[in-house]
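Colleague: Straight from Swiss-Prot, here's the annotation block:
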{"type": "BINDING", "residues": "Gly31, Gly32, Tyr33, Asp49, Phe76, Asp97, Gln104", "note": "S-adenosyl-L-methionine binding site"}
Amino acid sequence: MTHTPVLLKEMLSLLSPQDGGIYVDATFGAGGYSKAILESADCKVYAIDRDETVTKFYDDLSVRYPDRIKLFIEKFSNIKNLLDSNNIEGIDGIVFDIGVSSMQLDNGDRGFSFLHDGPLDMSMDNSSYINASTFVNALREEEIANTIYNYGGERHSRKIARAIVNARKKKTIKTTFELADIVRSVVFRGKSKIDPATRTFQAIRIWVNDELGELEKGIKAASEILSENGKLIVVTFHSLEDRIVKTFFKDLCATDCKTFSLLNKKVIEASIEEVSANPRSRSAKLRAIQRLS
């Protein structure tokens, strides 16, 4: 499978890696950002990912760039404690590419996608006791409806929640295809190109992994460990994520002490050419700040 990093040129242009610099790729994934940073300068990259299956991508990079990259299997919300405990300092830049990766979506066994049949999991660290099965088989109808509405923007959330509860009364809901069919039984596509199950799956994934809470904690911790002139760059794919980043960056840069400055006043989005080549980039938004002192 080919992994295409989103907004790669724009990220590199803002980060501007320098020889001798120290950078953190807080969402390593398939290593697209890390690889590009290592190619751009004679620098060092510390990579973080909560999904241990990414080690196969790390192994390739560590052979190509010995002693210049190190991977930690950890949630990025723990970035400050992780780097402090390993005596890593002098951070010149931190990049985040938020959301589920293509390799997770394409692996049916992970249960992220309604396009591939598999167990209802959706856990990014592959070891959580809370997963998508917990959500559909254990939560109250009202909790299911509210989550699907709040995290997925699904206006049919109450119908979907009722259908899920009715279905689980007959038998445990076990697979992604079962769940998708339940959603499609009460929400019809009509002329829309978007599958009726899309928003529900997105909402459940966000809930399972506490993605919004992780993002809030992660970018706050990252902002605290940047060196002077260090840059924090975040790419999001969901309006709720972008709102969190936009608000946090605005608040940081609005303080009287002027510790931070916005690197891009206007949000950066993928070009028409990139969207055509990589449809995943369609909803991507990049925001960046720099520590001044």
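Placed from the backbone N, Cα and C atoms, the Cβ positions cover glycine too.
It should be emphasised that the depicted structure is a prediction, and the values quoted were computed from it without experimental measurement.
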Colleague: Look at each of the binding-site residues, Tyr33, Phe76, and point out the one with the fewest other Cβ atoms around it within 10 Å.
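Modeller: Minimum Cβ neighbour count within 10 Å, taken over the binding-site residues Tyr33, Phe76, occurs at Phe76.
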Colleague: Out of Gly31, Gly32, which of the binding-site residues has the smallest number of neighbouring Cβ atoms within 10 Å?
Modeller: Gly32
Colleague: Relative to the Cβ of Asp97 (S-adenosyl-L-methionine binding site), which residues of the same chain, six or more apart in sequence, are found under 8 Å away?
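Modeller: Listed in sequence order, they are Pro5, Val6, Thr27, Gly29, Gly32, Tyr33, Val235.
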Colleague: Hey, what's the Cβ neighbour count for Asp49 (S-adenosyl-L-methionine binding site) at 10 Å?
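Modeller: Step by step: centre on the Cβ of Asp49 (S-adenosyl-L-methionine binding site), count other Cβ atoms within 10 Å, giving 26.
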